[in-house]
């Protein structure tokens, strides 16, 4: 029988020389006895082997014959092979759906049948298992199949449910079938949750608890599940990616897994947006506001561009979504507005347009102040024109700062409390305008969103320094009226402090120009790289300060006892030709010496001592400490800093287009609303538009207390609700179209890959096997059920 099973092997005629020698004829050191130490299951009978082999070959008629002959129940239809697979599992793996239906009708059972079908992504098998009804019951066995498998021998992770496994495979069709069965998922708790359930699970098995949370989030991050269960898939992907990013910082053991899932959610949102085919669909998607977000009622009634979804994408740091081509094209359209012809102009005309607007920006601001709703005012209101006008206003402010040093009077040099000049009052007007602009932005955006922008942080510090400068100048003018040489002034004289703050504020004012280069495709990526390098330098600074503090303490303790009295010193300072170690007698002096030693500005004599004879050991220790500092800081840490900066630059360079477009979009969005149209100092003048809005709001408030006003208010609310419902309905229609296109594109990608080729080959093999068995049965080649073991000539 075994020879028939293996016809290619001639066991009887095998040469004895080809077989290994018996252990008795060899030395014990030359052979190694092999023994199966695993659990040996009960060997199957011949009929059971035939039954499993027929299922594996896909022989429907043989399986049916064996099951019909098993009236006495001698055959164990739930038997398993050496791999632990029963007939149902084998049939599912081979995708023999007709045999699977036959086995289920005869009562074959498998606890993990549904999981095997989902894992193999056999959609037909999943459908059969979910809809199968036993002969003695009118209800399908779905309840048992949908239970979580807790068998550690199963190939997938423990505590796995069918819906979780289907989401891991990202199979849209299978998930659709499972969701019709009213399935549910346990809501994952926070990592630091101390509830009774989480405490018990952590105490019992912390690894299992963490892995189960990871499986749940891997399920939730499935694009197919997001499309099926989320009314707003884009918002769901945004929120889930933020949660996964936060989890990656907490559960560092699974950081790579959570970061990969967060990246998957970001790419899904980007790919879903890429399915938009026209500007109308993009407008509906990018202007949609969720129920949790504040809604601009006036903007909704006026059909104004609010770009709420785009602002939310920037808040959640969705760089892939914002830098997507469709989104960027829509942003360009909104950015130029009625100046759309500017992009098609030659370079010379572009420069002339910018210079003209930059020179006549005060006139343009006055025109908008007088007639904001006119055709000319609407052109000025476009984001592109606002950007140029605000930039020209800021350049004028910098010009006033340069003029400030030119109008400085030498005769007031020793005046302890000089009066403010005319240019000071001009600067104060600009500063008040910039502060008012920041206050309005803070009011509409909120403190958290306002402080997230580094541009707002720099503006806040700069304006605070200018306010402190002029406040100190005014205080000095009121308190001091004398003349004296500056060297006789107090170190913290208000005028001196004001000049120091003013100098630092001037530096920040010019550094603020870096934020304007984001609009340039050449300088923008360099600015982003510089910002990332500054972050890396902050990390490096913490390590450097620790090393500096360690060596400073050691050198100070070593040389403090050898401090030379002042009258015996030849000179002081680390740049002295006759330098001594007296620099190291204090903590501050040692810090300065070691810091400048990095830049080779400390004298070589820093290694010498002024100890007397017999204290060579202290001299050697001091030289060894400084030498070690030289190796650790000058050689190792500085090279580490260079490597960190190079890595940051390379990281930005690899994603240059994405990083630049995201940074540019953040800058552009600050000019899209109508909150800060006029630049400083014209924004501090009450405009007719503001007065009209105030009068309109006041009249509405007064009318709301009358009977007619209440009716009008109710009608306005009904109109607003109707528009809101219509907006949500349009959004759902567009989203359904995007989901269908996304599924179609994914199906086309799968058909063009090797996986589709393998699936086609499997289908061809199944068809050929089924055709062979049918022909054999029709021609009567099978004389007995054991004939399939024997080869035919």
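Just so you know, glycine gets a Cβ as well, placed from its N, Cα and C.
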Legend entry - Membrane topology agreement for residue 414 and residue 621 per Swiss-Prot: yes
Legend entry - Of the residue ranges 476-496, 497-517, 560-580, the one that Swiss-Prot records as transmembrane segment: 497-517
Inset, instruction - Out of 624-644, 645-665, 666-686, let me know the one Swiss-Prot marks transmembrane segment. - result: 624-644
Inset, instruction - For the topological domain 'Cytoplasmic' (380-386), give the DSSP counts of helix residues, strand residues and coil residues. - result: 5 helix, 0 strand, 2 coil
Legend entry - Protein Cβ atoms within 10 Å of residue 193 (Zn(2+) binding site), excluding its own: 11
Inset, instruction - Establish whether the number of Cβ pairs under 8 Å between the transmembrane segment (497-517) and the transmembrane segment (456-475) reaches at least three, counting only pairs separated by 6 or more residues. - result: yes
Inset, instruction - Look at each of the binding-site residues, 189, 195, 198, and point out the one with the fewest other Cβ atoms around it within 10 Å. - result: 195
Legend entry - the topological domain 'Cytoplasmic' (440-455) - residue tally per DSSP class, helix then strand then coil: 14 helix, 0 strand, 2 coil
Legend entry - Mapped DSSP class for residue 198 (Zn(2+) binding site), helix or strand or coil: helix
Legend entry - Within-chain partners of the topological domain 'Cytoplasmic' (380-386) [C-beta distance under 8 Å, separation at least 6 from its ends]: 334-339, 342, 357, 364-365, 367-368, 372, 668, 671-672, 674, 677
Legend entry - Remote residues contacting the topological domain 'Cytoplasmic' (518-536) - C-beta distance under 8 A, at least 6 residues beyond either end: 387, 454, 641, 644-645, 647-649, 651-653, 656, 659-660, 663-664, 666-667
